[in-house]
Amino acid sequence: MRISATSCLCPFLVCLCFIQRCCGVSHHVLAKVPSSKNQTRLAGGETEVHHRPKRGWIWNQFFVLEEHMGPDAQYVGKLHSNSDKGDGSVRYILSGEGAGTIFVIDEVTGDIHATKSLDRERKTHYVLHAQALDRNTEEALEPKSEFIIKVQDINDNAPKFPDGPFVATVPEMSEVGTSVLQVTATDADDPTYGNSAKIVYSILQGQPYFSVDPKTGIIRTALANMDREAREHYIVVIQAKDMAGQVGGLSGSTTINITLTDVNDNPPKFPQKNYQLYVPESAQVGKPVGKIKANDEDLGVNADIKYSIINSEGVNTFSISTDRDTREGVISLKKPLNYERKKTYTLHIEGVNTHVDPRFSYLGSFKDTATLKITVGDVDEAPVFSMDYYIMDVYENAAGGTEVGAVTAQDPDSRNSPVRYFLDSKEEGERYFRIDESSGVIRTTQPLDREDMPWHNITVMASEVDNPSLLSHVPVTVQILDVNDNPPEIATEEEVIVCESSRPGQVIQTITAVDKDDFANGQRFFFALPSQLPVNPNFTLKDNEDSTASIIARRRRFNHLTQELYELPIVVWDGGEPSLSGTSTLTLRVCPCQRHGRIRMCQGEAFLSSAGLSTGALIAILLCIVILLAIVVLFITLRQNKKEPLIISEEDIRENVVTYDDEGGGEEDTEAFDIIALRNPAAAEELKFRRDIRPEVRQHCGPPRSCRSPSVELDEVDVHEFIKQRLVEADMDTSVPPYDSLQTYAYEGQGSPTGSISPLDSPGTQSEQDYNYLDDWGPEFQKLAELYGEAVSDVTT
């Protein structure tokens, strides 16, 4: 089978196509080599020819131009089999990609046509299968063969910049040829065929500042010393054209926004060389008094400026710092200003860039200077005290009006106005001191006590007479000096313990004294017994000459039963001028003592001390208490969780206990049941029919304690017989409920000669026993005697 194709690929191929068609030979040929013939001679002299095909294929591709816009289907090629004699007995079929839809075949001639316009950028080739069949038998004359139809590219896609538009930066003052950015365009056409995808770059806008490499698309600076301060933003348009830039090629463009970044190429400059500033003399130290600013056309850190005062006159009184936000020089005051001393100051201020680029050092020094003249303004100031604080002193007990000291203040202004003094009324010191308004002399208002308050802090204020609103303050501390006005006293107030076993000459205790007064060289005390009293036979006193004294026993064998307490007056003198004395009386208690080394204690105290427990013992006791509490809580919890009986209904017929919710009438209810019937069977017999009154029982008592209870006088009844009798009565009683009932008899039986001790069956009469003997038992039974005495008097009444 021969497959031929004729395609007009481009105008210069028209002649070649015409030659191919005339010669019947295609450049794209799939040729079938003729087969040999086998002949068989038959009877009758006829021969039968056997065809044995012997094929050899030469394969080439078909081509079809993309984007065909003609009215007719585009011719692709032709299929032809050697078995085709031109009589229409061979039928050609086509299968594969696009068969029947895009590519159709003439079944008789084998011509292949493309019915649709193809786009190489969407699909570059199609794989199809061709076969020749016998039209009559539908048998395959040739085996199915595969071939490819390639879509031939034409220049139908313009270059594109997929990432555009672009943004780029380049430092100002850059050299010519400095790379800025590289742009790349893409072309969807076939780069392997012709120049359809060969791109050339050119610049449409942005000259003469920038240029572009035609092959690589690298944008570079084309002009030297581009200044950001003159122009900061540039718009560059780059074009990409295919067909190597030839006429007829397609093109695309993109925009690049280029910004010049700042470098430090401009020094700071003050707008003017001379400035003036007015500052009042009342300006506070450390506070800003003015601002100055140098301009810098650069940006960011390149415009940072450091200000400084470069002359000694200004640097001693003023300071300058930089405000990072506004880049201003802030001038502050280092020392107070005084108009009367200096009225003007001249400052030489320098502004220097902090980040200098050495590449631009040829432009000069990156700094500038200016002169600032400061004029000090006169302000009416408050009076100024001669000292920052005053310390004064005065003796205690000094009479009111005693001079303590004086303060001095004056008007610092040139007119020197008179000054008035007064004390701060908000302070407590105004009660003890006063000040002269004109002279500033401070005096006491009353005698002062050092022992009550040794120091006083007051505040003195001064104001000008012409302008009272201007005030100044000064602290004054007054120390109260001590005088000897307090007698000494014995330091201890506790009782002194004297052991019964003390011996003569034994030191009972060493005592000291205290004095509220203050002695600069230390306190000195002297001790003695009062001279106007007779000699104490029990104790004496020894002055140890070190401001202490010892109490010494003069006899032996003190007895606390004979005399337990002793009083010992002691006279104490101090060493002040004049010397003062005081008498203190000590109480000495006699106690039996026990010795434990050097420790001596009374017997009572020893008993209490022996009961002292260690920490471990206390912890053990506390632990036991906690365990007992836990057991009690557990027991209560178990009792609360105890299950209730299953039958709790009062209406249950199996219940043997009859519950009555009746309440008695109280003591006035004479019809109530007499409980003696349950306590005494004999009495119950008598009261069986009369329960509204109690039977009278008379007693005849002989000697004391011979009377017996009425219940004993009743006939003794056997308990067993009594219960049997009550059981029969209950069974025969028709008024009781039909079911069993529980009757309780709290009868203990008889036989005790003393009778019952219960008050329920006791006679109503009171006892006639005499309790006057309780008065003779001492004070411990006094209250009991009074109670019984009142009871007897009530009975008598």
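Glycine is treated like the rest: Cβ placed from N, Cα and C.
Note that the structure is predicted; figures quoted are calculated from it, not measured.
Residues annotated as signal peptide in TrEMBL: 1-24.
The domain 'Cadherin' feature in TrEMBL is assigned to 81-161 (among others).
The feature domain 'Cadherin' is assigned by TrEMBL to 162-270 (among others). For the domain 'Cadherin' (162-270), the model's pLDDT averages out at 91.
What TrEMBL lists as domain 'Cadherin' is 271-385 (among others).
Marked as domain 'Cadherin' by TrEMBL: 386-490 (among others).
The feature domain 'Cadherin' is assigned by TrEMBL to 490-607 (among others).
Per TrEMBL, the feature transmembrane segment maps to 617-638. Below 8 angstroms of C-beta separation, not one residue of the same chain at least six residues beyond the ends of the transmembrane segment (617-638) sits close to that stretch.
As annotated by TrEMBL, region 'Disordered' applies to 746-770.
For 751-770, the entry in TrEMBL reads compositional bias 'Polar residues'.
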The domain 'Cadherin' (490-607) resolves under DSSP into 5 helix, 57 strand, 56 coil
Checked against DSSP, the composition of the domain 'Cadherin' (271-385) is 16 helix, 53 strand, 46 coil
What counts of helix, strand and coil residues does DSSP assign across the domain 'Cadherin' (162-270)?
3 helix, 45 strand, 61 coil
Using DSSP, what's the helix, strand and coil tally for the domain 'Cadherin' (81-161)?
0 helix, 35 strand, 46 coil
